[in-house]
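Undergrad: What Swiss-Prot records for 6-26, 68-88, 97-117, 138-158, 164-184, 193-213 is transmembrane segment.
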Amino acid sequence: MNENLFAPFITPTVLGISVLPLIMIFPCLLFSTSNRWVPNRLIALQLWLVRLITKQMMMMHNKQGRMWTLMLITLIIFIASTNLLGLLPYTFTPTTQLSMNMGMAIPLWMGTVLMGFRNKPKASLAHFLPQGTPTPLIPMLIIIETISLFIQPLALAVRLTANITAGHLLIHLIGSATLALSSISLTVSTITFTILFLLTILEFAVALIQAYVFTLLVSLYLHDNT
């Protein structure tokens, strides 16, 4: 029986009902809460990370753009949590689904664009035509800039999906090779297991970096329209 490499990326169901919403809610349980006046070390670390990310992302925004702070911080925590969740055994990574990533990218991108056309219509329209463009090239550049604008949410979603899926496939392939070689050559299987271990550590970094990149690009789109 041939093994399907993409089986881990199929949305899990129970009795024909998708359990994806339950999986997406689970990361919330990973963040501890406390009723004490003085937080413990884990909560203090979480607060420090949130403040650091907030400072890095929102320092370039004006007062209007900083109204999105809570949404962007929630977004990066959610994406990072779901990415890391998929690295646990017998789990599912929601961000490997292009439909879910498009569902996040399109509303956020559309919100920034609509805000720009509402608050700065002239500046938003000026993005379609760079200053100093020769007259014969004006129609072509307007078409190109329009296409590039509408490609932004697709690029956001595809980038996140491709990077997370590629890493999981590599882990799956190297893990299968390690298991197959364990009965043939212990030395070679040890080498492949070491590669698998290092790749898993790298995937933890990729999961966090992709969450940061996704949110940072949304923040840049917001900055261009505020």
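Note that Cβ sites are derived from N, Cα and C of the backbone, with glycine treated the same way.
For each feature listed, report its degree of burial, its nearest neighbours and the pertinent distances within the displayed model.
TA: Outside the transmembrane segment (97-117), and at least 6 residues removed from its termini, the chain residues within Cβ reach (under 8 Å) are 9, 11, 20, 71, 75, 79, 123-124, 149, 152-154, 156-158, 160-161, 214, 218, 221-222, 224-226.
Beyond its flanks by at least six residues, the transmembrane segment (138-158) meets 98, 101-102, 104-106, 108-110, 113, 127-130, 214, 217-218, 221 of its own chain at Cβ-Cβ distances under 8 Å.
For the transmembrane segment (164-184), same-chain residues at least 6 beyond its ends with a Cβ under 8 Å from one of its own Cβ atoms are 3, 5, 8-9, 83, 86, 93, 95-96, 192-193, 195-196, 199-200, 202-203, 206-207, 210.
Residues 53, 76, 79-80, 83-84, 86-87, 95, 159-160, 163-164, 167-168, 170-171, 174-175, 178 of the same chain lie 6 or more positions beyond the ends of the transmembrane segment (193-213) yet place their CB under 8 Å from a CB of it.
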